[in-house]
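Student: Take a look at this one; I'll ask things after.
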Amino acid sequence: MAAAPQKSKPRLLELEIVRAVAIVAVVAIHATSEATVQLPFGSGPQLLYLTINKLCNFAVPVFIMVSGLVLFYRYDGDWSGRQAGRFYSRRIRQVLFPYVFWSFFYYLYDQWMFERDRLHIDWAEFAELLPWADASYHLYFMIIIVQFYLLFPLLMWLCHSAGRLGREGLPWLGLLVQALAYGYNHWLEPIPNMASLCINYFSVFALGAWIGLHYEAFSRWADRSFRWLLPLTVLLGCSFAGLFLLEDRAPFLLEGSLYTVLFFVYAALACMTFIRAGAIILKRAPGLSNRLLWLGAVSFGIYLVHPAVLTYWRVHVPADPHDIGAYHANTAASFAVSLLLPWALSALYGQAVRLLRQRRRKAALSRG
């Protein structure tokens, strides 16, 4: 039975600020990745970049958690067979087509950057890259999101058909699925392409979904709890980064599952903290919030484009690890360029699309 029509829900602008923070973290991870291995191991600069890199590791889980939140917030009480058709049609346009396009772009771009004399198009070779996002290191995120989109109607049906148990049990279901998958992969037999499977992030997606179903209650809780939520998030982030700083200096190696648990707890609390911080910024700092809203709105474009900019920079402006001052400047510049240039290109693309849509509407009205 189709769900009864309901009033449109207010847009959660604070989530755009969360996306802004997360995309900055994504670019920071990639901009500092080479510094963690190029500089002398254990040196002050190497440890600095390793700390920055690990502190920013919340980025992908936060994006996934926000995706779960938005889906269940948007469609709770407004889900039907017709909505399912619209949902998949929209996701094919917004995710699947861009994924294939950008996979093809990076398939050619990396050849042009590193093997220009062997530049070619082999459609069978390209097709083999698509299932697990092997065209570029950052595209695995889109494979994970597509899997969650495929599962979303089933999870929404579960929430509706199982009543309160389905809605309140969603986080526990996510935790159970991920724990079983991790345990099998870690202790029994490796699961192929585990890093690109949605089961690897099921807990944060399900937690985001639960928050989306109870957003008003969550907002009140986050408001009351922010005074301890923020410092706890910082503590967990520092603890997570600290494990990597200590693991080669301490006479012991912690079991891998402890890293995983700390990583996902840190990411989940970071997302909650950013949501509340975003709401505060919206109220108290309109100038800053406008810039962050703009950045969040184009975060998908930045995600798609920034590896191309970063690769071009590293090939044409290589960093010299023997001159640490110049190395710091080069790394900072690579981060800035990889963030700002895709930001500008994405903003221009968005403006062009809006102008094109306006012209089409005017043309349709004039014909009518």
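Cβ coordinates come from backbone N, Cα and C, glycine included.
Predicted automatically and left uncurated, TrEMBL annotations should be read as such.
Annotation source TrEMBL lists transmembrane segment at 12-32, 52-72, 92-109, 137-158, 170-188, 194-213, 225-246, 258-280, 292-313, 333-352. Annotation source TrEMBL lists domain 'Acyltransferase 3' at 14-346.
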Student: Excluding the flanking five residues on each side, which residues at least 6 beyond the ends of the transmembrane segment (225-246) place their CB within less than 8 Å of a CB in that stretch?
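Tutor: Same-chain residues near the transmembrane segment (225-246) but 6 or more away: 47, 50-51, 54-55, 57-58, 254, 258-259, 262-263, 265-266, 269-270, 272-273, 276-277, 280.
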Student: Could you tell me what the rest of the chain brings near the transmembrane segment (92-109), counting residues at least six beyond its ends with Cβ under 8 Å?
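Tutor: Distant contacts of the transmembrane segment (92-109): 119, 121, 126, 129-130, 133, 135-136, 139, 142-143, 145-146, 149, 304, 307-308, 311.
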Student: Can you check how the pLDDT averages out over the domain 'Acyltransferase 3' (14-346)?
Tutor: 93
Student: With Cβ-Cβ distances below 8 Å as the criterion, list the same-chain residues six or more beyond the ends of the transmembrane segment (12-32) that contact it, or say none.
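Tutor: Those are 49, 52-53, 56-60, 62-63, 66, 69-70, 73, 138, 215, 271, 274-279, 281-282, 289, 292-293, 295-297, 299, 302-303, 306-307, 310, 331, 334-335, 338-339, in sequence order.
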Student: Does the transmembrane segment (258-280) reach the transmembrane segment (333-352) with at least 3 CB pairs under 8 A, where each pair is 6 or more residues apart?
Tutor: no
Student: Which residues, given as numbers and ranges, are at least 6 beyond the ends of the transmembrane segment (333-352) yet have a Cβ under 8 Å from it?
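Tutor: 23-24, 27-28, 30-32, 294-295, 297-298, 300-302, 304-306, 309-310, 313-314, 317, 319.
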